[in-house]
Amino acid sequence: MTRFIFITGGVVSSLGKGLASAALGALLQARGFKVRLRKLDPYLNVDPGTMSPYQHGEVYVTDDGAETDLDLGHYERFTGVPSRKSDNITTGRIYSNVIAKERRGDYLGATVQVIPHVTDAIKEFVKSDLTDEDFCLCEIGGTVGDIESLPFLEAIRQLGNELGRARTMFVHLTLVPYIPSAGELKTKPTQHSVKELLSVGIQPDMLMCRCDREIPEGDRRKIALFCNVAPDAVIPALDVDSIYQVPISYHEQGMDAVVCRHFGLDAPLPDLKRWSTIVDRIRQPEGEVTIAIVGKYISLLDSYKSLAEALHHGGIANNVKVNLNWIDSQIFEQGDVVQHLEPCDGILVPGGFGERGAFGKVEAVRFARERKVPYFGICFGMQMAVIEAARNLAGYKDASSTEFGPCDNPVVGLMTEWMKGNMLEKRAASGDLGGTMRLGAYECDLKQGSRVREIYGQGRISERHRHRYEVNMGYRADLEKTGLSFSGLSPDGVLPEIVEIPDHPWFVGVQFHPELKSKPFDPHPLFTSFIAAAVRQSRLV
């Protein structure tokens, strides 16, 4: 029997509902429960796949090929439970499904309305694809009071009535701001946020109050009194130095104990040793390295959320602090490469789309190759590494990607077909933008004796992809003559997945996104190895 915990947010956006949900999931998991986490997004897009990174941030890709909200990355990193397509829904997808049913006649001529048809579709999603999970935590995107979120709030209100308190719990995350001129915390925004939630029929069972300092006992009791919750169910969500300290902080505030009491569960205390170990390593590093991230969406760092976390995971594994130097690739198109990159111990070029800033990334690759600085190219970063080698080593001075327009030497081109298991998948360049991607987990065979095979410690791996362009195998022979090794291929040998330069301290480009599978307690081997190479570069060891 799965129990449902619904997490809502109020007062302002960006309070950290995703992290709060992930941390609560980790605490319940540490008590021995099996958990599942889901995100309900109120926006009208079908998925975030075609949204601007500046608008939405990172698109998190699951093994089964769903393009989802970045909060699912938090869920996976904190619990280790792989997210699935059924763990993220948007208003756009809900309405698409409802309209499709209406067109098929599934509603038998009824007038299709938000209640009950849209709310029923939301409830169906919440309860679907669950087996033996003890808890399903559902985060409702947006802020209470938004027009877009009303159908979702109504749906979870109905679920609360249908399933009863024995199987449902409502958690509300609010802000308790400190007013310097008054010298005190203010509880009124929280009171009004709960009032707004009550207006749609939801009484929260627990309040998580974001604040930058301890909430005095008197203020906690005041919030409890006016918001109709138990005093110990007012949980201060204090600012902490590292997000991986959040589960420890929430446990110290009694959050998981309140949840267990609500459901009448007698569970053992959580084992938080691995979180304590992670926090200790973050607080007491034995050195530090600086990694240059040469990207194009750096004005919104959420665009690279999983990437930044994976680099920090590599730092945890090597017991060093990782400083990230974010650099807009466009500045390298006018020069200044040495000035920006010389102080760095490693260079990483992440994924991206489009020509803007692309050849600045090529210059960053050239610097890393010629100066023997550890280089890690991910997705677009691998393609730029191949273009750099084709131009400066193989003699194809006009080598480019068809993504940027027609060219005589397209060393990178649009994929039109590939194998997924025993099935041939095809895409057309004229198809919908959201339907032309190679998405999800695909296997890759690693070359015997290669650096990546040594790093992974196995011959076949599975990694997550999100791309529509691929390195052209027609140039493989000429590129390998220059010293660029194609060390990872799809099992059918058609698609190049990894390139490396054996005669280099550390130079690896991958077509997939390894950052999506990295966790603080299980760092991805490529990031662990890359940071180790950066440590050697910095002469720390």
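Numbering starts at 1 and runs along the chain as it is shown here.
Quick reminder: no glycine exception, Cβ is built from N, Cα and C everywhere.
Annotated UTP-binding residues in Swiss-Prot are Ser13, Lys186, Thr187, Lys188, Pro189, Thr190, Gln191, and among Lys123, Lys127, Lys222 the one listed with them is Lys222. The ATP site recorded in Swiss-Prot comprises Ser14, Leu15, Gly16, Lys17, Gly18, Leu19 together with one of Asp69, Asp71, Asp87, namely Asp71. Annotated L-glutamine binding in Swiss-Prot involves Tyr54, Gly352, Phe380, Gly381, Met382, Gln383, Arg468 plus, out of the candidates Glu76, Glu309, Glu403, Glu443, the residue Glu403. Neighbour counts were taken as the number of other C-beta atoms within 10 angstroms of each residue's C-beta; across the recorded positions Leu19, Ile147, Cys379, Met382, the minimum falls on Ile147. Note: Pro189 (UTP binding site) has non-local neighbours Gly10, Val11, Thr174, Leu175, Val176, Pro177, i.e. same-chain residues 6+ apart with C-beta under 8 A of its own C-beta.
Just so you know, the Cβ of Phe380 (L-glutamine binding site) picks up 25 other Cβ atoms within 10 Å once every protein chain is counted. Cβ crowding, taken as the number of other Cβ atoms within 10 Å, peaks at Lys17 among the binding-site residues Lys17, Lys186, Lys188, Lys222, Arg468. Pairwise Cα distances among Tyr54, Gly352, Phe380, Gly381, Met382, Gln383, Glu403, Arg468, the recorded L-glutamine-binding residues, top out at 23 Å. Annotation note: Glu139 (Mg(2+) binding site) sits in a strand segment as assigned by DSSP. The local packing around Gly381 (L-glutamine binding site), expressed as other Cβ atoms within 10 Å of its Cβ over all shown chains, amounts to 26. In the shown protein chains, 16 other C-beta atoms lie within 10 A of the C-beta of Gln191 (UTP binding site).
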